[in-house]
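These notes are about the structure you will find just below.
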Amino acid sequence: MLGSSRIWKRRLPGAAAVFTAAALALAGCAGGSTTETTDKGSADSGNITWWGWTPDAAPAEAYIKEFSKAYPKIKVTYKKLTIDGYDAAIRPALASSVGPDVFDVAPGAANGSVGIYGVNAIDLTPAVEKSLGADWKSKLAPIGVNSLTKDGKLAALSVGSNYAGSVWVNQDLFDKYGLKPPTNYDEWKSVCAAFKTNGVKCFVQGAAQTAFNEDTLQAISNNVKPGVWAQALDKKVPWTDPTIVQALGIWKKLFDDKIMQDGALGVQQYPDANNDFMSGKAAMVMMGTWYMQYSTVDGSTAAISGAGVASPKPFTQLPIAFPDVAGTGNVGSLYGDADFGLAVNKKSKSIAAATTFATWLGTSQAGQQAVGDILNDIPALMSVQPDWASIKLVNPTAQQPALEKLISDAGKSAEPRLATVSADLQTAIGVASTTVAAGQATPEQAAATLQSTAEKIK
Amino acid sequence: MTSTTSPKIGARRPSPAPLPGNPRKRGGRPSGLPWILPAFVFVVGLIYFCIVETGYISTLDWDGTSPTPTSVGLDNYTAILQDPIFWKAIWHTVVFFVVTFTVQTAIGFVFAALLHSKVRLGAVYKVLVFAPVVLAPATMAPVFRQMFAADGQLNWTLDHIGLGFLSQPWLAQSTTAMPVIMFITVWQFTGLTFVLYYAAMGQIDPETLEAARTDGASNLRVLRSIVWPGVRSTTVALAMLGVIGALKTFDVPYLVTIGGPNYSTEFLGTYIYRISIPSAHVGYGAALSILLLILALLGAIVVATRANRKDGESSV
């Protein structure tokens, strides 16, 4: 013992020095300094990287192509990450000194939360003022400005907004089997029975990816009594409100009556449910306005191909109002947020060029027209509307009026979707949805548990 | 009688005479530090520093990016002990280990014994058994998700062989999701168990086996009384790897069921990810990681200690 202790005494300083050096070196990597770089680079040249979970690769390429026409000396490289993998990738990337120059953030807690990653972004207020003038706030959709402002700082520029509450149908499948999209519970049930007889899945929901269950539950709740769900999110009514209990009961009934596909609790919205719909295996899916992009020939072809179909053939996709499952007549509710915003990494070595790109896509007429025409988002610049003459829809006669109505209805909505939902509350809603669906809790029990969890959330 | 002096085990060996020109340091012994320095920096820096850093983070209430984390002392650990999902994950880990280790050991041992006898196309079987080990779980997960889906190949097959009454949404039910995860794990890692047993059986003295057969021992008796004790150290090593592997389980449940439905396939690894990344409770996740490390070390120590004790008993 004595011998070993003498050896330690002799070697300890050396070992400690090595340990400290290693610790300091690693601390430099992991510490996550948030200091803004002083060298902002050139505003109209350079190479910048953009990371996001949305848009898909094809729309992103279209945006970048348009941007290159205005700024040919700025090269933008887009890296698309999965929805579930985005946070795992962006957090260490932003903590390092080699993260992306531009990155997606979103309101709420679903992924890329501006509340979490906003600290890594520069304030874009001066850039927007320069682009749109002092009255810039009056030109942009308030939903995008308010929800992406953190601690008085405009952390990201909204590219556009998205709304959920609609159901998308494969009109070609409905026509093939002589069926009509359902408008109420009984019709929905009989349509699903008919599809099942013909070996087609009716309505697919990736109930394992619980964030999307929230969309369906909010739609049901709004059908029972509009606005109660949003009030519960706002803590103005408890989650045990009869409207929400009834909504959970109807949600359970969708499973029991086989309106939901078999095994929905083991299926994810992306890729499973999306792929089932895109490959023509399912006739209906719960998706929002972001699905408008698949109404175009290019968007539809790419999505069908992405679903694993060897020879993709576009089909007519149409949005319909969520069926009147409660029999109240309260249909057509939409709820939404800014879809995603572009934030500029404060550690970027090309802050000026990155700001140019974010500002161009979020505020310029050309950038926002590209966004509007791709139909992935409803443009943030309120003066921009999709240029229907230049958009090549799969079935313009059927789709254009439906899309115009969807955009118009969305513009009238002020109900939030995910922007006010914390990660913990989202988990709790997810647990309520799956325990009820699996029969492990009654709607009353699940609502009580949800309320009790919500009360504990800071 | 000529007496020879043979070195005794454990006796200190005399130092060899120094070679001319060989530099010596104080005490006549060279310092090993320069030689181990690269490995030392790597190990201390990358592993132990991370553990210490994780230990520190586990005392914070932090979202992973905020510049102002709050120190909460041991509150995260206290909360974990009252967290039902944590205990659920522990229970799943125990069940998962017991089932997968037992099944893998049984299948791997039997395959190894069979392939040590003269089997036609033995090399082909070895490749077939081992092939799943080299396939990445990320590659196989979509295949298994498709296979076990409600409209997947397993139910299709059951329907077409008159066993349609057994069809069910395997991944959508709490009762069947965990067995599916175990099945995939057994499918994937039995090849490794097989290879290790196969190698260990090759080390058993053939004369012992022959003597047993001469004494009239049956195949089963030989396996039970000679081969099984002969591969004991391999079994212990596999058990230790199994405990650590079960505690670290992440990829298969995350990729196939996302830990669901209703946490029925939640393991510590998936829970740490769920808490740290989507929920952004990085301090809580770090505390879970430290507990995972402690449990892994304890598990390995328990297995090794029990094995040593048994070795001691059998040698008495």
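Just so it is clear, glycine is given a Cβ too, placed from its N, Cα and C backbone atoms.
If you check TrEMBL, you get these features:
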- B:90-303: domain 'ABC transmembrane type-1' (DOMAIN)
- B:1-28: region 'Disordered' (REGION)
- B:33-57: transmembrane segment (TRANSMEM)
- B:89-115: transmembrane segment (TRANSMEM)
- B:127-148: transmembrane segment (TRANSMEM)
- B:180-201: transmembrane segment (TRANSMEM)
- B:222-247: transmembrane segment (TRANSMEM)
- B:282-304: transmembrane segment (TRANSMEM)
*the transmembrane segment (B:222-247): which same-chain residues, six or more beyond its ends, come within Cβ distance under 8 Å?*
93-94, 96-97, 100-101, 104-105, 109, 113, 189, 193, 196-197, 199-201, 203-204, 208-209, 212-213, 267-269, 292, 295-296, 299-300, 302-304, 307, 310-311, 314
*asked:* Should anything in the same chain at least six residues away from the transmembrane segment (B:33-57) have a Cβ under 8 Å from its Cβ atoms, list it; otherwise answer none.
replied: 282-283, 286, 289-290, 293
*Any residues 6+ beyond the ends of the transmembrane segment (B:282-304) with a Cβ under 8 Å from its own?*
51, 54-55, 57-64, 69, 72, 76-77, 79-80, 86, 90, 236, 239-240, 243-244, 247-248, 268-269, 271-273, 275-276
